[in-house]
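*Asks:* Below is the structure I would like to discuss, written out as structure tokens.
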Amino acid sequence: MEKKVRGLRHLMVTVFLSGMGNFIVIPGITDVTMFALCPATDECSLAIYLSAFQQAMIGVGTALMIPLIGNLSDEYGRKALLTLPMTLSIIPLAVLACSRTTNYYYAYYAVRTLTAMVSEGSINCLSLSYLADNISDSERASAFGILSGVSSGAFVCATLAARFLSTASTFQVATFVSTLALVYMRIFLEESRPDQVDSMIQPMLKEGEDIIQKDGNAPGKMPVFKKIPSLGDVICLLKSSPSFSQAAVAAFFASLAEGGMISSSMYYLKARFHFNKNQFADLMLIDGIASTISQLFLMPRLVSSIGDRRLLSVGLLVTCINAILYSVAWSAWVPYAATTLSIVMVFAPPSLRSIASKQFGPGEQGKGQGCISAVSSLANIIAPLIFSPLTALFLSEEAPFQFPGFSIMCIAITLMIAFIQSLRMGSHVSADTDKHNSNCVQV
């Protein structure tokens, strides 16, 4: 497998550069938002609600666009479809590279909301599909972990750069690196289509046979989809395999929790412990280093011995513990200590993607990954609508009781639901599956 992964080095470089261009702005964006909307304060409900609205709108867009992009990539190739989200992701970075004043911030806010509807999650979805085209199903969990490790490495490098760059330079560098990623991808990355897949990879969903694996063993019927998927296609796909639908449920609750942390945690830390850009960068650096080491060296060894389902359960459980520690943090050092758990937390996303990927052959990877991404996007629509108001309420003086981390505790409960669902994923498949599948076939 190592030889195959080395053969995909141009994909890895593309993911690294693209990730670095997007990650480098994360430590400073909270300060930029607060400065533009509520200068000289550490608590700003307007910033929380605007960020929540943006996250929800992006979720609506990605829920609609990612299945379409993934499906079209099965037909026209991964490289061709990668060009669109990578190009769009540059535009909002360039706006803040010019200025961070209030007017420029609102321009960035509007542009990012629109462009991220297409670019958010699409690069990851297409990269995973590209990797699945070229790696056999038995090795995908390790390969997905390595790809996630490359992304985490980009996160570490980006956070280190953000730690020492000025805010103005940060957005200028982000624009340059994102542009470099696009140029590199267009020049060096080879196209990947299902009909170009190595013959040694045995598809689980064979063209013309409409077969899907159930729990990795028994074959069953799989619907034939139109080139452009409808909501009914996505629902039909979820019904086609109990294993896939269980993975989708776990993905929904895990993404709901992740979206809640994105919309709440940084504002919580700023209000609770007065964190600034440098402290956010330090926190993210710990997370990135732990994630990179784990995904590149630890996960490939563990997945071969205990399997991706158990790794998923372990990762979700430890992520739940991390959220609990955040919610009850009594000192500024507690979030730093909790972040070291990332060495285990990072098992969950690639394991989940691997489980979903195994339900499809090379010719259907875009559909499968796009469907899981759509489920995650749906969760990202709901998450800010739930957790951002909770965060704003419990950080304000009008909180019904004194518990600043109450919204983070609710996120921990959501993660526990995802963990319980992951434990059910090995259950026996119902004999009624074929009947449901036949009702889903499109003609």
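Heads up, residue numbers simply count up from 1 along the chain you see.
Just so it is clear, glycine is given a Cβ too, placed from its N, Cα and C backbone atoms.
Taken from TrEMBL, the feature transmembrane segment applies to 7-26, 46-68, 80-97, 109-131, 143-165, 247-268, 311-328, 372-395, 401-420. Under the heading domain 'Major facilitator superfamily (MFS) profile', TrEMBL lists 7-425.
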*Asks:* So are the transmembrane segment (143-165) and the transmembrane segment (311-328) touching or not, going by 3+ C-beta pairs under 8 A with a sequence gap of 6 or more?
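*Replies:* Contact criterion not met.
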*Asks:* What stretch of 7-26, 46-68, 80-97, 372-395, 401-420 shows the most Cβ pairs under 8 Å to the transmembrane segment (311-328)?
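*Replies:* Per the Cβ count, the answer is 401-420.
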*Asks:* Taking the transmembrane segment (247-268) as the first stretch and the transmembrane segment (46-68) as the second, find out whether 3 or more Cβ pairs fall under 8 Å, excluding pairs closer than 6 in sequence.
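*Replies:* In contact, yes.
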*Asks:* Short question: which residues 6 or more past the ends of the transmembrane segment (80-97) have a Cβ under 8 Å from it?
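*Replies:* For the transmembrane segment (80-97), the sequence-distant neighbours (Cβ-Cβ under 8 Å, at least 6 residues beyond its ends) are 14, 18, 21-22, 25, 32, 69, 72-73, 104-105, 107-108, 111-112, 115-116, 118-120, 122-123, 126-127, 168, 171-172, 174-175, 178-179, 181-182, 185-186, 189, 191.
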*Asks:* So if I exclude everything within five residues of the ends of the transmembrane segment (372-395), which remaining residues of that chain have a CB under 8 angstroms from its CBs? That is, six or more out.
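*Replies:* Counting only partners 6 or more residues beyond its ends, the transmembrane segment (372-395) has Cβ contacts under 8 Å with 43, 45, 48-49, 51-53, 55-56, 58-64, 66-67, 70, 120-122, 124-125, 234, 247-248, 251-260, 262-264, 267-268, 271-272, 352-353, 356, 403-407, 410-411.
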*Asks:* Sequence-remote contacts (6 or more beyond its ends) of the transmembrane segment (46-68), Cβ cut-off under 8 Å?
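*Replies:* Non-local partners: 30, 33-34, 37-38, 109, 112-114, 116-118, 120-122, 125, 228-229, 233-234, 259, 262-264, 267, 367, 370-371, 373-374, 377-385, 387-389, 391-392.
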